[in-house]
Structure formats: structure tokens, C-alpha cells
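Below is one structure, written out as C-alpha cells; the observations come after it.
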């Protein structure tokens, strides 16, 4: 069954048979609408989900810095085997994104966040006291399964509380921590491993996750359909009138809804050409980033003989590039706003962000190729390859951030599921490809292995270019997006009618009050005969 047809039947199909005067919607300045929350609280919400996502991402890569200690303690001689701790973690993120993102759209984001971050925190402990590598590999998978709630749903939360005009800015602010998670992981993990031992890398992560638990408990529900359903239920209870309803009221069984919602990311990923290309492009960019956690130790530990803590510092170039991409958002916004506005919305279309995706698609391979040909021999200053990480990190972040922005803007109410499908694919790529990293770098050397990856990124440059110039036409051919637009237009029509009825009622009420006042004044307080 088509995705749009499913959504129509489950959400708005029976709207016509319900009393329109009793539909519960957000009023213009409704304080329950997350977009109308105070600015400070929306900023606080972004901070909470950003920090919590950072903890989950950091824990994925902090493990890579402790691999030598894990191999030594458990007498493991194969680096790819020890790397399975990273692989299973990313696979857990992939599988968790399939489950938790749709569940948040069904039950609300807050309850999913709280349950999952608590379980994630608890599951760090078995890794800290593990007696075998197998135990670490398995437990990390299940920890990531629940941690995926933050990775896959936090962009949806940002969409929930942001206006269209400031969505890109809010996404940039949110991404400061998560996008630096892969870089800060080895940095923190390296110092902790060198001075406290590899087990303490888990305890530090557990402390950080416990703070995330407290923060997420303090965040209110942000998902509009859940808020409206609760508002309608409250209105029915307060008035003892069952006619109150909202367009998100469920009309089929929970089991059927679960089946539909759990399949939505796969349906979108399998049927939407936009997602075919974006998922492949972003996934390869993401996998090459995770290959850096193989390449950098190969260069700085094996060739340059750096300590674990110093090797973590080698990722600073990538981190600086990531921060530049985020802090230059005002400049990026000016470039986007320079594009012609969409007549329907009065704002630049999603394709306006394509110029930044194209810039990122060029900078990423530029940095990758520059690093590959300056990392060795050791006679070249270590500052040069580290500096090459700046354009690489800048390009990767632009691709990821504005690619995700494009998908969120294009798919609207399906943004969480579209991004969840993207998370699944990029996590699988990031989990599997690094397993081949040690063998590839060992056989080809750092220069040629890195060159191969850089050339692969160059081959992918046409993807953002095509969507920059012809994305509007491609979106126009998407059945899901087309039907979503039609539903939105119908909803706006219903809202306008609702507000018009309320205005007429208010006007009629004022007219009656004026008429009553004239009667009282003309008869000395007695009714006229």
C-alpha cells in the first residue's frame, strides 16, 4: 500500500465525518504549540537533545582509542576482530533507528527518549566490567540499539520546535555536539585510556550518559500530533463531550499502526528516488569519515609513533573544520537567502541549500586527497596532514548538515522517518567498510588507500549538483511529497475555515452585547415593549 494512502487512512481519512466545529487544532498563539514556546526553553531543548546525541556518538568512537588495551587484555591478535566493537555499535544504531524513530511518531518523542537513554546508560556498565571481548561486542550492539533514539529522533525534535525561517540555524546549533562526537570520542578516549585504562573510558561515558538522562527527563513533548491527541482527549474529559477530535486520532488498532510506522523508513527508502541518491551519497561520506579512525592510527601510531593521547589530538583538524561549518552558518544563510524565493512559501526552496552541498562535496575529497599525500613520509611536518583535516571536516559537515536539511524540508511530517532510513544506511556503511580498513591500508599504504577514497568522493560530486539545479522537478515527481502537499493544503483550508467561524462567533457575540446595551439604556433598565 502506498505510504501516502496509509497516512491518509490512519490520520485524516475520517475527518469529513466529524463535526468540524469540534476539531482540536493549534490556535495562532497556542502556548502548547512547540513553535510558540519561549525562546529560552526551545534553546534549552536543543541543548538537551544535542548533548545527549553527542554522548551516544562519542561512545561509538571512544572505543577505537581503547582497542590496543582491549586487544592486550583479552589476547586478541586481529585488529579487525577487535574493531567489531565499533561495527556492532553502528549496526545497533542502524537497527535502532528503524524501531525508535517510528515509535516516537506513534507514542511521542519524550517517552521514547527517556526509556531509551536510561537503558543506554545502564548497558554501558557491562562493558566496563566485561570479562571477554565477545561480551563487549554484544552489549555495545544493544546499547546502541537504544541510543539510536537520540541519533535518529533529535533532528525531528529540532524540526518540531523551529519555524521554517530558522530551521537551518537551529539544525546548525543542534549539530555542534553530535557532529563533533566522532572527533571528540578518540580525543577523550585516548587520554582516558593512556592515564586511567581502557575500562575507565566506559565509566566516563556512563557518567556523561547519566547527565543526559536528567536532561531528557526535563524536556517536554515536542511532537505536534501527540500534543494534539492529548489536547483532544483532555477536552473530551473536561467537557464530557466525545465530539472533540483531532486529525491524528487513531482509527485502527495499535498493532496495525505499529506495523505501518515501523515499515515507513523502509518504504520511503525503497520507493523515493531522492532518498536513493542521498542515502548512498551521505553513507559513503560517513563511511570514509569512520575510516579515518583506521587511517589516523595507521599514520600517527604506527608510522610516527605517537602515544594514544597524542593520536587523539591529530583529529583536531577535522574538529576545527566541523566547527567552521557550523559557526559560519550566517554566511551560509546569506548564500541560501540570495536564491529566488518560492512563490508558494515566500522563502528559498530546499534546493537553495544545494550550493552548500556542492561546496561540501568538493571540499571533502580535496581534504582527503591532501591528507593522503602529506601524511607520509614522516619528514613532512605532522601539522600539514592535521591541517588537511580542516577542509575534510568542513566538507563532510556541509554534506551531512545541509543534506539532512534538504531531506527534512522535502519530507516535512515524514522527516524523522526519512532521516531514520538515512541513518540506517549510513550506519551500515560506517559499520562494515572500516572492517576492511586495516587490510586496505596495510596492503596499499596510507597514500594510495586514501587516494582511492578521495577519488570515490569525487565520483559522487554530481549527486548534489543534480539536486541543486533540478531538485524541484525531482521533488515534483515524488508521489509521497505531492500527496503530502495536497493534505497540507486541505489542512490549511480547514484551519482557515475554523478561524473564520470563530471570528464570526466573536462578532455575533459582540453584536448581541451591543443590542442588549441599547435596550437597557432606552427603557431605564426595563425591557422594551
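Positions of Cβ are set from backbone N, Cα and C atoms, glycine also.
TrEMBL annotations: computationally assigned, not manually curated.
TrEMBL lists 487-516 with the feature compositional bias 'Basic and acidic residues'.
The average pLDDT computed over the domain 'Major facilitator superfamily (MFS) profile' (38-474) stands at 92. Among the features that TrEMBL reports, domain 'Major facilitator superfamily (MFS) profile' is placed at 38-474.
Feature annotation from TrEMBL assigns region 'Disordered' to 487-529.
The transmembrane segment annotation in TrEMBL covers 39-61 (among others).
Within its own chain, the transmembrane segment (81-104) is flanked in space by residues 56, 59-61, 63-64, 67, 70-71, 112-113, 116, 133, 136-138, 140-149, 151-153, 156, 223, 258, 261-262, 264-266, 290, 293-294, 416-417, 419-421, 423-425, 427-428, 430-432, 434-435, 437-438, which lie at least six positions past its ends and keep a Cβ under 8 Å from the stretch. Marked as transmembrane segment by TrEMBL: 81-104 (among others).
What TrEMBL lists as transmembrane segment is 111-131 (among others).
TrEMBL lists 137-154 (among others) with the feature transmembrane segment. Beyond its flanks by at least six residues, the transmembrane segment (137-154) meets 49-50, 52-53, 55-57, 59-60, 63, 84-85, 88-97, 99-101, 104, 109, 112-113, 115-117, 119-120, 123-124, 126-127, 130, 174, 178, 212, 416, 419-420, 423 of its own chain at Cβ-Cβ distances under 8 Å.
Under the heading transmembrane segment, TrEMBL lists 166-188 (among others). If you look at the transmembrane segment (166-188), the same-chain residues 6 or more away from its ends with a CB under 8 A from one of its CBs are 42-43, 46, 49-51, 53-65, 151, 154-155, 158-159, 201, 204, 289-290, 293, 296, 311-313, 315-316, 318-319, 322-323, 325-326, 329, 332-333, 336, 353, 393, 397, 400-402, 404-405, 408-409.
Residues or ranges marked as transmembrane segment by TrEMBL: 200-219 (among others).
Residues or ranges marked as transmembrane segment in TrEMBL: 274-299 (among others).
Per TrEMBL, the feature transmembrane segment maps to 311-332 (among others). A Cβ distance under 8 Å defines the sequence-distant neighbours of the transmembrane segment (311-332), meaning residues of its chain 6+ beyond its ends; these are 65, 168-169, 172-173, 175-176, 179-180, 183-184, 186-191, 289, 292, 296-297, 299-301, 356, 360, 367, 382, 385-398, 401-402.
Taken from TrEMBL, the feature transmembrane segment applies to 352-371 (among others). Proximity of distant same-chain residues to the transmembrane segment (352-371), defined by a Cβ-Cβ separation under 8 Å and at least 6 residues beyond the stretch ends, is recorded for 168, 281, 285, 288, 295, 321, 325, 332, 335-337, 339, 385, 388-399, 402-403, 405-406, 409, 450-451, 453-455, 457-458, 460-461, 463-465, 467-469, 471.
The transmembrane segment annotation in TrEMBL covers 383-402 (among others).
Residues annotated as transmembrane segment in TrEMBL: 414-436 (among others).
Sequence-distant contacts of the transmembrane segment (448-470) (same chain, at least 6 residues past either end, Cβ-Cβ under 8 Å): 274, 277-278, 280-281, 284-285, 288, 291, 295, 351, 354-355, 357-358, 360-362, 364-365, 368-369, 371-373, 375, 399, 403, 406, 440-441. What TrEMBL lists as transmembrane segment is 448-470 (among others).
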